[in-house]
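As recorded in TrEMBL:
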BINDING   168, 169, 170, 234  NADP(+) binding site
DOMAIN    6-123  domain 'Tetrahydrofolate dehydrogenase/cyclohydrolase catalytic'
DOMAIN    142-284  domain 'Tetrahydrofolate dehydrogenase/cyclohydrolase NAD(P)-binding'
Ligand code: NDP
């Protein structure tokens with residue numbers, strides 16, 4: 001039997017509707033319009049598309065949005081000064097710096113991201129927010145893994161007591177996914193490039209998350225029949241051909257549920273960002 005396809009658009013719509021509704025409450029009840037500032041340094045065509053999408057999503061939901069385009073030759077000090085201004089700007093509740101940064105400042109990425117006020121860190125990358133995620137305190141969580149968990153919940157996929165395997169241990173996807181699944185009482189194993197017997201570990205998973213960055217890495221023989229398979233990967237294998245980290249055609253015959261690429265997890269990230277901007281505004285209002 002073929003797997004149930006978890007369409008990203010369906011869940012993204014729900015995230016956006018919820019963000020729009022909560023933004024409406026902030027506006028009408030408290031006179032607060034949630035605001036996002038996106039800083040983009042230099043010109044990178046892919047980043048420009050992402051930034052445009054974020055801006056458009058904000059407009060749709062009545063979220064104020066500023067795109068701050070800085071030149072390629074921006075110094076670390078100039079960028080830090082801009083972040084400092086935004087940290088103090090009361091119209092702005094969320095700040096993100098679009099990655100990758102140009103070469104001359106890429107080495108300072110951590111210092112730059114850590115300069116963002118944790119209360120406005122809507123990417124959830126600041127060590128304070130990472131710490132909150134690990135300890136289970138409320139904070140801002142990276143959008144892609146947060147979107148995956150919310151999607152699984154909305155889809156009715158059981159998490160409590162289930163075996164979950166995450167392939168990939170990046171700070172952006174793999175590690176936060178581990179903590180989010182743990183917080184839902186799943187029993188979680190994380191695999192990476194040094195893992196031995198990865199296929200047999202993956203086969204134990206009721207929930208298998210692939211965030212590897214390798215085209216069609218997960219094949220049908222690595223999947224337990226009936227498992228929910230979440231494919232975070234986005235790999236361009238030809239100018240107009242994107243594939244995930246999961247071999248969709250073979251795995252869909254084994255899995256119980258699966259996200260496609262394109263059209264799956266990729267659609268959740270911006271929608272989840274909208275939720276994070278609204279959440280940041282809600283938290284800042286409560287603190288004020
Ligand atoms: P990274 O490259 O930062 O991490 C990849 C992880 O996969 C690493 O932990 C690495 O292990 C592991 N890995 C690589 N090769 C193997 C292997 N042969 N066997 C086992 N593990 C392996 O990637 P990201 O986490 O940033 O992204 C992963 C994928 O998700 C990419 O395709 C990216 O484009 C996509 N992505 C999609 C998003 C979305 O919106 N849908 C958002 C973010 C990312 P090790 O640590 O040992 O090197």
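Positions of Cβ are set from backbone N, Cα and C atoms, glycine also.
Its Cβ taken as reference, residue 169 (NADP(+) binding site) is surrounded by 17 other Cβ atoms within 10 Å in the chains shown. Classification of residue 170 (NADP(+) binding site) by DSSP places it in coil, neither helical nor stranded. For the NADP(+) site, whose annotated binding residues are 168, 169, 170, 234, the maximal Cα to Cα separation is 16 Å. Secondary structure at residue 234 (NADP(+) binding site), as computed by DSSP, is coil.
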